[in-house]
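Database features, via TrEMBL:
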- A:36-48: compositional bias 'Basic and acidic residues' (COMPBIAS)
- A:36-63: region 'Disordered' (REGION)
- A:90-109: transmembrane segment (TRANSMEM)
- A:156-176: transmembrane segment (TRANSMEM)
- A:188-208: transmembrane segment (TRANSMEM)
- A:214-231: transmembrane segment (TRANSMEM)
- A:243-259: transmembrane segment (TRANSMEM)
- A:265-288: transmembrane segment (TRANSMEM)
- A:341-359: transmembrane segment (TRANSMEM)
- A:371-392: transmembrane segment (TRANSMEM)
- A:412-433: transmembrane segment (TRANSMEM)
- A:440-458: transmembrane segment (TRANSMEM)
- A:464-484: transmembrane segment (TRANSMEM)
- A:505-526: transmembrane segment (TRANSMEM)
- A:564-633: domain 'AglB-like core' (DOMAIN)
Amino acid sequence: MTVSGLQGKLSSTCPKTCPILPNLQKSKSKACCKRKTENKHPGCDRRPPASANTTYQDPPPKSRTIKMSTAVRGKLPWPLKMSYDKQDTLLKLFVLSIAAVLSFSTRLFSVLRFESVIHEFDPYFNYRTTWFLTEEGFYSFHNWFDDRAWYPLGRIIGGTIYPGLMVTSATLYHVLHFFNITIDIRNVCVFLAPLFSSLTTLVTYHLTKELKDVSSGLVAAAMIAAVPGYISRSVAGSYDNEGIAIFCMLLTYLLWIKAVKTGSLFWGAMCALAYFYMVSSWGGYVFLINLIPLHVLALMATGRFSHRIYVAYSAVYSLGTLLSMQISFVGFQPVQSSEHMAALGVFGLCQIHSFIDYLRAKLSKEYFEILFRTMALFVGTAVTGVGAVLMASGSILQLRCLNVSEHQPTTWSSFYCDLQMLVFMFPVGLYYCFCRLTDANIFIVIYGITSIYFAGVMVRLMLVLAPVMCILSGIGVSGILSTYMKNLDISKVQKKTKKTENYPIKNEVASVVIMMMSLFLITYTFHCTWVTSEAYSSPSIVLSARGGDGSRIIFDDFREAYYWLRHNTPEDAKVMSWWDYGYQITAMANRTILVDNNTWNNTHISRVGQAMASSEEHAYEIMRELDVNYVLVIFGGLTGYSSD
Amino acid sequence: MATSQANVFTVVSKFYDEYVTTTPQRLKIIDAYLAYIMLTGIFQFGYCLLVGTFPFNSFLSGFISCVASFVLGVCLRVQVNPQNRKDFLHISPERAFADFVFAHIILHLVVMNFIG
């Protein structure tokens, strides 16, 4: 059937206006008929029917059709022969897979330069506990009392750690072994953080897509694949809580935004489960349990509190609090400590707000005033009485002064080194958010501002700032590119537009801006890779230097010393060293130690310090008292070791 | 003060009459369920005040179970109420009930684990 024949056949049923986009010009609506199915109008296949999305308020994306005959279409390469839907999906899949692969591979510098080994100090403790979990099972792990650390006191490991990281690795290990892919537990631990960084890339895409649109999501995903602020704590070998905590945090935020947008209990319950995973993985969950109530408060203050927010927050708070208390280390803190009281307060406020809204809808104005005054009096006295009783018992309002002396405030150079271009794209993203404020955008604005404050206080919290910087910069970059791409004159068709010229040389300005943006993005990537390679990929347990003739000399002294201890000392020997090396000795040398990196008992540490600083006779007495067999001392004077 | 107090009672009685006549049957069932849960919660809290908080995890588990069931019930009522249709465009009453059941499964699994 020819095209003209089809047109003649369907002209009686051809609509005067497009049924999907009623504002479209009349001449273009005839194109409806030329396609065989009624929805394939230019731009139709990109946009869902108008009834579905009234709560989302997304504007329709502008799409261009390039009219071409079937003969020309046949000569195109296969990606362009597909429909726009399929091209769209292919492009998204392509960009996301490249971003995920990039995030995994950029973290592998130290594995390529040295070997697949666990870095630093804290990861060795996590590695040892994971090994114990895979060998002994979950119940032994949960009830583990370790007598090989902090001799003679011991340490209750089961109740003083966040088990999420270990449980994740052990689960992955067992799943792989079930399929007979027998990867050693050490390799699972080393490569867990890069794997989760790939998953973080995908979650960032989905989160930004919920906040703005697909193109911002793709840019944000590409940015978070390489951002040094996140890489610093998640290189291959850095087997620490932050490696999975950032993934859990962004997953919780994604599910929270979905719950806020749909108002469905299902998403609220899923958000509570993701919050439970977050609590099990990192102590930084306190940030989440304060950010989400802050968001709800901001929505109340701006008059956007609706039934959806009520459903989302009530579900998340009630289920989330109960779930968070299942972790032994958290215990009863969610109902007792001051850090969690904001969430409880906002929960109460939500209930009161909803109840007042309900009454206001039911009653007339004067009746409502009378009832409100009586109830306010009654509730006010009750709350004051309960509050007085609780304060008298001193259980709730204990403000704790956190000693942050071990973490320095952040310098500007550190901000630039860790984030580069994101530092100045972040306000652009904020501007685009404010342009079209929705419930979800308010969340990301609050998250951005609070993270900036915390990252300015402590260098370590730069990690929390990196994802939100990527999201907002993604929104900013995508906004700029979309605005200026429209002005580019790449085909002769555009010259026929009837738009009035706002300013001259539109095409040239647009080209310059887009070239500048591309230059920024390219230098961003180069910077990130350079910083990762130079600053964040050192395993700290294996050191290398250049000899006089340029050859590479590897110092493996640490491991040689630990393995000497392992092979040449009796099983129950006690080793005294400074607390830095405690975790490594228990993990690699497998001997009992006096003090380790947990530093929970300062008196015991000071005893060891006294022994190290006294004269030989006095030190010998102290060591006999502490039942020490061997002493381990680091001396870096010969090689110029920087930490000596 | 006497007139305003009389007004409070008339307000409450008027509200009660209006509630009985205008609320659909479905919402009244949910409201009865919510009242029952509130009573259970009050009894639990009163018992805790009398006997003390040991063991704390059992008390918390039972009390939070009441609070969470109440709150989830209110969420169901809000989603099923025909007056709120424009807020919950994609959520049919059947979907709301299914979500409610899902959240309750999670809630009771955690409560059973926590109650000791």
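Each residue, glycine too, has its Cβ placed from N, Cα and C.
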Counts by DSSP class (helix H/G/I, strand E/B, coil) across the domain 'AglB-like core' (A:564-633): 39 helix, 7 strand, 24 coil
Averaged pLDDT, computed only over the residues in the domain 'AglB-like core' (A:564-633): 88
Same-chain residue ranges lying at least 6 outside the transmembrane segment (A:341-359) that approach it to Cβ under 8 Å: 289-290, 292-294, 296-297, 300, 305, 307, 309-310, 313-314, 317-318, 321, 334-335, 368, 371-372, 396-397
Stretch among A:90-109, A:156-176, A:188-208, A:243-259, A:505-526 sharing the most Cβ pairs under 8 Å with the transmembrane segment (A:265-288): A:243-259
Folded-back contacts onto the transmembrane segment (A:90-109), same chain, C-beta under 8 angstroms, at least six residues removed: 79, 82, 193-195, 197-202, 205, 214, 218, 221-222, 224-226, 231, 234-236, 528-529, 532-533, 537
Spatial neighbours of the transmembrane segment (A:188-208) far in sequence, C-beta under 8 Å, 6+ residues away: 96, 99-101, 103-105, 107-108, 111, 116-118, 123, 126-127, 130, 165, 168-169, 172-173, 176, 216-221, 224-225, 230-231, 233-240, 243-244, 246-247, 250-251, 253-254, 257, 467, 470-471, 474-475
Same-chain residues at least 6 beyond the ends of the transmembrane segment (A:440-458) whose Cβ lies under 8 Å from its Cβ atoms: 210-212, 253, 256-257, 260-261, 287, 291, 294-295, 298-299, 302, 304, 404, 407-410, 415, 426, 429-430, 433-434, 464-465, 468-469, 471-472
Which of A:156-176, A:243-259, A:412-433, A:505-526 contacts the transmembrane segment (A:214-231) most, counting Cβ pairs under 8 Å: A:412-433
Leading stretch by Cβ pairs under 8 Å, where the reference is the transmembrane segment (A:412-433) and the options are A:156-176, A:243-259, A:464-484, A:505-526: A:464-484
Best-contacting stretch, by C-beta pairs under 8 Å, relative to the transmembrane segment (A:156-176) and drawn from A:243-259, A:464-484, A:505-526: A:243-259
Outside the transmembrane segment (A:505-526), six or more residues from its ends: residues with CB under 8 Å to it: 223, 226, 420-422, 425, 477, 480-481, 484-489
